[in-house]
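Since the structure comes first, as structure tokens, the remarks are kept for the end.
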Amino acid sequence: MILILKYTGATIILLSVLIEIGQLFPNNDFGCEECKLKENNIFSKPGAPVYQCMGCCFSRAYPTPLRSEKTMLVPKNITSEATCCVAKEVKRVIVNDVKLMNHTDCHCSTCYYHKF
């Protein structure tokens, strides 16, 4: 009987500690904010701000479906996908004779590293 009480007490203490640790993490952003417009300090002028999309979006990994894996040149059993913070709408502006695209709205979408 005493042994059962000891195990029960130890289990309750362990669960309490784990719950406390788990509640610390949702309050942290881990250095990456959500995808939103931020002012670009390099190109912005007083009265003429230039905005760009900055922030983080999700990424995930999952097992590659067998049908897809059979068609790959180099089969991989894990498939990953990611989205990037990109401009939904832009407006062209000229700052110091430099043509810029001022972002007006952002969202998480497919990553295009090769596009400007």
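Every residue, even glycine, has its Cβ placed from backbone N, Cα and C.
The signal peptide annotation in Swiss-Prot covers 1-24 and is backed by similarity to another entry.
Look at Swiss-Prot and you will find CYS32-CYS56 (among others) tagged as disulfide bond, backed by similarity to another entry. For CYS32 (disulfide bond), applying a Cβ distance below 8 Å and a minimum sequence separation of six or more within one chain yields GLY55, CYS56. In the three-state DSSP scheme, CYS32 (disulfide bond) is classed as coil.
CYS35 (disulfide bond) counts 19 other C-beta atoms within 10 Å of its own C-beta, drawing on all protein chains shown. According to Swiss-Prot, the disulfide bond annotation covers CYS35-CYS85 (among others).
Here Swiss-Prot flags CYS53-CYS106 (among others) as disulfide bond, drawing on similarity to another entry. Following the DSSP three-state reduction, the secondary structure of CYS106 (disulfide bond) is strand.
According to DSSP, CYS57 (disulfide bond) is assigned to coil rather than to any helix or strand. Taken from Swiss-Prot, the feature disulfide bond applies to CYS57-CYS108 (among others).
Per Swiss-Prot, the feature N-linked glycosylation site maps to ASN77 (among others). DSSP assigns ASN77 (N-linked glycosylation site) to coil in the three-state reduction, placing it in neither a helix nor a strand. The Cβ of ASN77 (N-linked glycosylation site) lies under 8 Å from the Cβ of PRO63, THR64, GLU69, each of these being in the same chain and 6 or more residues away along the sequence.
The disulfide bond annotation in Swiss-Prot covers CYS84-CYS111 (among others), and the record cites similarity to another entry as its basis. Around the Cβ of CYS84 (disulfide bond), a 10 Å sphere holds 17 further Cβ atoms from the protein chains shown.
Per Swiss-Prot, the feature N-linked glycosylation site maps to ASN102 (among others). In the structure as shown, the Cβ atom of ASN102 (N-linked glycosylation site) sits within 10 Å of 20 other Cβ atoms.
For CYS57 (disulfide bond), the same-chain residues lying six or more positions away in sequence with a CB closer than 8 A to its CB are CYS35, ALA82, THR83, CYS84, CYS85, CYS108. Reduced to three states, the DSSP call for CYS111 (disulfide bond) is coil. Every protein chain considered, the tally of other Cβ atoms within 10 Å of the Cβ of CYS85 (disulfide bond) stands at 23.
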